[in-house]
Amino acid sequence: MLDLTWMAWTWQTATFFIVILALLCAMTAWEWASPGGGPRHGILGLDTTRGDRLFISLLGSAFIHLGWLGMTDLPLWGGTILSLVYAFAVFRWV
Amino acid sequence: MTKTWNNRAWFLVLPVLLLVAFNAIIPLMTVVNYSVQETFGNNLFFLEGTKWYQDVLTSSRFHASLLRQFTFTFIILAIEIPLGVAIALTMPRSGPWVSVCLVLMALPLLIPWNVVGAMWNIMALPDIGLLGYGLNKLGIPYNFTRQPFAAWFTVVLMDVWHWTSLVVLLAYAGLRSIPEAYYQAAKIDGASRWSVFRYIQLPKMNRVLTIAVLLRFMDSFMIYTEPFVLTGGGPGNATTFLSIDLVKAALGEFNLGIAAAMSIIYFLITLLVSWIFYTLMMRGDEQ
């Protein structure tokens, strides 16, 4: 068995990366099942593909979480819910 | 005629994917793991959750380093990009001097970063260095080891000397790719030198300048070796940029958790600004 103790894994961080990987797999499956991820002109005036929108969602979510941590003492789940709303808006309108 | 798609070509990307996995993704995953834990060595880790992120985000030390980093990068881009384009415009387009200019321009890029830092350190020494001694002799009080402004001036000057050549070479490559017919058409229309630059040369250089701005942004935003060798982050913390602060936290203070959280935030900021630059420039290109 490969020794990965040096990477200091925790189940929380492992879950985080598994979710990212699952998202990438889901996007691949989506494109395969329903091709049509060509660029679309959204409200920001950008031409974005589905992959671009995922990237914008993930990057924005990272900053939402950082902003939540830096500006509030509330549980981080609030930031996660806000990120999901943000990601939905990105996929819908950007 | 129907187009044939062969998705097996994707397998050719596998070696690159493996390489990126080993030199970027796996280290990044490890840093994420470190950023939520505390360690006292001996490979023992204790979960801390998001504490390090909160500490970093509310730390005035981090804010100050980040501000210094953005200021430095802004100054560097504001000087190197116009200067690089200006030098590229003055370079000969043909003849034996082309090679001479290209070699001269490439020279600073060939010097290792720590050597550049050491060179400028010696040159800027106020008592024996050519720059330091010269400025003091001219009546300009200059001591980069004591005056924050002098330290900034030296670090910026060193970076401009080291990296403007890269912008010059990229801009020159862009200029060389413009067909002669464009210049002939501009001449027939009686276009001024400025109009030729504004409506022919600058749009044609757009792509290479995008690359130049991105490379210079990323590189100056992550600068470490040269200022570390030159000033060591001083005087005080005057030239302690993010990367120097990061190394201080990770290796000087052995705060691996804080350093890892700082690295992730640093990475995300670099990614965001690079993406904004790229998107804006590509949008301009499409328009």
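Glycine residues also receive a Cβ, built from the backbone N, Cα and C atoms like all the rest.
Per TrEMBL, domain 'ABC transmembrane type-1' is recorded for B:66-277.
As annotated by TrEMBL, transmembrane segment applies to B:12-36 (among others). A Cβ distance under 8 Å defines the sequence-distant neighbours of the transmembrane segment (B:12-36), meaning residues of its chain 6+ beyond its ends; these are 45, 47-50, 52-53, 256-257, 259-261, 263-264, 267.
Residues annotated as transmembrane segment in TrEMBL: B:70-90 (among others). Using a Cβ-Cβ cut-off under 8 Å and counting only residues 6 or more beyond its ends in the same chain, the transmembrane segment (B:70-90) has close neighbours at 105, 152, 155-156, 159-160, 163-172, 174-175, 197, 201, 205, 209, 212-213, 216-217, 220-221, 223, 241.
Note on the transmembrane segment (B:97-116): residues 87, 91, 158, 161-163, 165-166, 168-169, 172, 225-226, 229 of its chain, located 6 or more positions outside it, place their CB under 8 angstroms from a CB of the stretch. According to TrEMBL, the feature transmembrane segment maps to B:97-116 (among others).
Marked as transmembrane segment by TrEMBL: B:149-175 (among others).
Annotated transmembrane segment per TrEMBL: B:208-225 (among others), in sequence order. Remote same-chain partners of the transmembrane segment (B:208-225), defined as residues 6 or more beyond its termini with a Cβ less than 8 Å from a stretch Cβ, comprise 69, 72-73, 76-77, 80-81, 84-85, 113-114, 117, 159, 163, 166-167, 170-171, 173-174, 241-244, 247, 269-270, 273-274, 277-278, 281-282, 285.
According to TrEMBL, the feature transmembrane segment maps to B:256-278 (among others). If you look at the transmembrane segment (B:256-278), the same-chain residues 6 or more away from its ends with a CB under 8 A from one of its CBs are 28, 31-39, 48, 51-53, 55-57, 62, 66, 210, 213-214, 217-218, 221-222, 242-243, 245-246, 249-250.
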